[in-house]
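Peer 1: Below is a structure I'd like to ask you about.
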Amino acid sequence: MNMIHTEKKLDLGSHPWRITAQNLSPEYQLLLESLFAQANGYIGSRGSFEEPLGGDIPSCEGVYLNGLYQKEPIVYGESAYGFPLFNQKMLQVPNGKSLCISLDGEVLSAAHLNTQGVRSLDLQTGILNRSQQWQTISGKKLSLKSRRFVSLANPHLMCIEFCLKAENFSGPIEIISALDAGYQSTHNPSDPRVGKLSIMDGLNVLYFEQKTRLNAYLHAVRDTDWVVASVTFDAVSDDVMLHNISNLGETCLKQCYQLYLHQGQSVMFSKWIGYRHALSHEEPLLLSSLQAMVKQEAEKGFAHQKEEHASCWSFFWREADIVIEGDSQVQQGIRFNLFHVFQSVGRNGFSNIGAKGLTGPGYDGHYFWDTEIYVVPFLSLTEPKLARKLIEFRINTLNFARIRAREMSHPGGALYPWRTIGGEECSAYFPAGTAQYHINAAIAYALKYYLQATGDNQVLLEGAAEMLFETARLWLNLGHFNPRKNGLFCIDGVTGPDEYTAIVNNNFYTNAMAQMHLEFAVDTANSLEASHPVYMRNLSCAIGLTPEEILSWKKAAEAMYLPYDDTLNIHMQDDSFLQKAAWNFADTLKEKYPLLLHYHPLVIYRHQVLKQADVILAMYLLDEKFDIHQKKRNLAYYEPLTTHDSSLSSCIHSIAFSETGDLAKAYQFFMDTVCLDLDNHHGNSEHGVHIANMAGSWASIVCGFAGLRIRDNGLHFRPYLPERWQGYRFSIRYRDAVLAVHIAGDEARYQLQSGITLRFFHEDDELTLTAGKSSSVAKQLKKFVDINQKEPA
């Protein structure tokens, strides 16, 4: 175990439904902006202050729209055929949160010398609450209370309500409400994981407009056909007077208000912020319709909007909450993680979920395989409608994948991009990008998992089958039947999940997942031929699919080469991995992690060292293909060689150790997972949280501690209770049923919350629950597998 991470220094409280920060912490400002970020699947807003920070306090301000991106040329020192030509970068859009308050000529800021304040993100309602008190040089005290949310009920709306109170004085106050189109974000050129965003580099002003209490921008996104509209509308009480309207043209639009407060008097001020983007031919109506929507929503009032928004969160928590009994830190951590996953998911079938969600500029906002391997399984069992939208995104970008396959000299099929926003490949470093062909298998795996969980076979007829077949046929273009391997099917020149080992022959994970992909495609083709022959005939004609090609998939799957070492009795990560020297972990200083920032890639590639789970991940995803002893041997060999430099690693190892019986290690890896961003374990949460890890923390509990697997014959549980907990409970949605699971003491209790009947397995016992008298059952927890249990002779 070689996990190297920072120690926790930031106190966020231990409330099960809130994270709370006291006063301004300049050292942690960037981190708090990520942790306090709010989103609704379309709008993402960093958890920054509304007013200027002042001084030299770092900030990475950002408001983002999911699916909106800027194209910029990728500059190579030496390019080659097939290299992506353009990067797609998530855009900053105008910041409508901006507010400036002045008292006696002093501009009040969070960094004001005499300031006390607290901010708290309510995970239950998605509302960021703030309480602040300023004291001027002359001793006047002004307090502020605010509530802010990005509406789940309206994807184009963000709302803020302020209450100002004169504590010990009577006098004038000035408020400037702005729509800021000129802010910058931070950049770290030494860390490739940190994106560099600039609103000025990405947008051109087409039009701006100001009316009483309203600011509006229309921008064109450079080098694309996108336009984006941004609107703010201020709702103020009668005793607040509009003093003037000013603008700085391309950079900022301002509304200046003046008011007089008597001692003890309060005034309410609310701000309604709208965003929408579209293709340029829709431009004439885009801004006007957005203005009308924002005004209409403002008329309904803040309380109404807040209740609609909170109601959406309430529904999510009813479906997805995990309750931890006896550990407030873990309870806070798991809810924080699920909160960020849910709020960041694209909901329209044309957007996805970035590695950093909508919380920061990390990785330029790109979508990766993280979606399919980590997020889709979570959503399939909690929010299946959202899981379907993520599958629809891949369906809707299939033509880009076809084009990419041709660019990579494959005569047929489709190759999905390793990094993208709009569907085109954006990865400039092909050894750890394009070479990861397993992205295709990840998409197939997600589709299969979704179908198993939901039974929604209709999605196959709406593009998913075509996507499955087009991605499957690529394996026959990529691999070959190798006479030097006794005619087995080999796949050369690829990179697996472990990015510290690149461009190898027969990466075990890739081959095993390709085998699953081909088997799934064959089964699906046969099933559709039987159930929907006309559809299957039309699809086959459209894409040129023949029975002979389907048979070739079957032959390749049956002949797939899966590297194995008979001496060590383990699966080889690839053909050459075991021939390399082991990395010298003993002499590697803590400061040298992550390795990718301190060693040339070739140095890393020459050694037995892993960034994250590879063979271990395959054993989890392809559960039934391995027995418990194979899993134990592989885990014992590969985990000590793993740095866990990737945030995707700890959750998988937690699940693996749960299954193989090392419960102490399982919990240790789980704690790294559940608190990874709250404690900033990897030291880079300042530029966005780690979405895949967050979804992985759910899997660590549900698939690790509770042992959930979806197999061909249904749901299987093999639960145990971590020693530090009194109990835990969760619900999953499987097909047309909702099953509540409660593990406490030495008992597992299962209750059918909705649905007519559900058949599933606890350990090896088959159970059936039906609505009514037989809707719940309790089963004794069996002693978990002894980690020292000997293998059969």
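Each Cβ is built from the backbone N, Cα and C atoms, and glycine gets one as well.
Because TrEMBL annotations are produced automatically, they should be read as predictions rather than curated entries.
What TrEMBL records for 22-275 is domain 'Glycoside hydrolase family 65 N-terminal'. The domain 'Glycoside hydrolase family 65 central catalytic' annotation in TrEMBL covers 335-698. Taken from TrEMBL, the feature substrate binding site applies to TRP369, ASP370, LYS611, GLN612. Here TrEMBL flags GLU499 as active site, proton donor. Among the features that TrEMBL reports, domain 'Glycoside hydrolase family 65 C-terminal' is placed at 708-769.
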Peer 1: Below 8 Å Cβ to Cβ and six or more residues apart, same chain only. Which residues does that give for LYS611 (substrate binding site)?
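Peer 2: In sequence order, the residues whose Cβ lies under 8 Å from that of LYS611 (substrate binding site) (at least 6 apart) are ASP498, GLU499, TYR500, PRO594, LEU595, LEU596, THR642, THR643, HIS644, ASP645, SER646, SER649.
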Peer 1: Which value does the mean pLDDT take for the domain 'Glycoside hydrolase family 65 C-terminal' (708-769) in this predicted structure?
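Peer 2: Mean model confidence (pLDDT) across the domain 'Glycoside hydrolase family 65 C-terminal' (708-769) is 96.
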Peer 1: Setting TRP369, ASP370, LYS611, GLN612 aside, what same-chain residues sit with their Cβ within 8 Å of the center of the Cβ atoms that define the substrate site, listed in sequence order?
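Peer 2: Sorted by sequence, the hits are PHE368, ILE373, PRO497, GLU499, SER646, LEU648, SER649, ALA692.
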Peer 1: Should LYS611 (substrate binding site) be counted as helix, strand, or coil on the basis of DSSP?
Peer 2: coil
Peer 1: When you measure from the Cβ of TRP369 (substrate binding site), which residues in the chain that are at least 6 apart have a Cβ under 8 Å away?
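Peer 2: TRP369 (substrate binding site) has long-range Cβ partners TRP418, GLN436, HIS438, ILE439, ALA442.
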Peer 1: Could you give the number of helix, strand and coil residues in the domain 'Glycoside hydrolase family 65 C-terminal' (708-769) as assigned by DSSP?
Peer 2: 0 helix, 42 strand, 20 coil
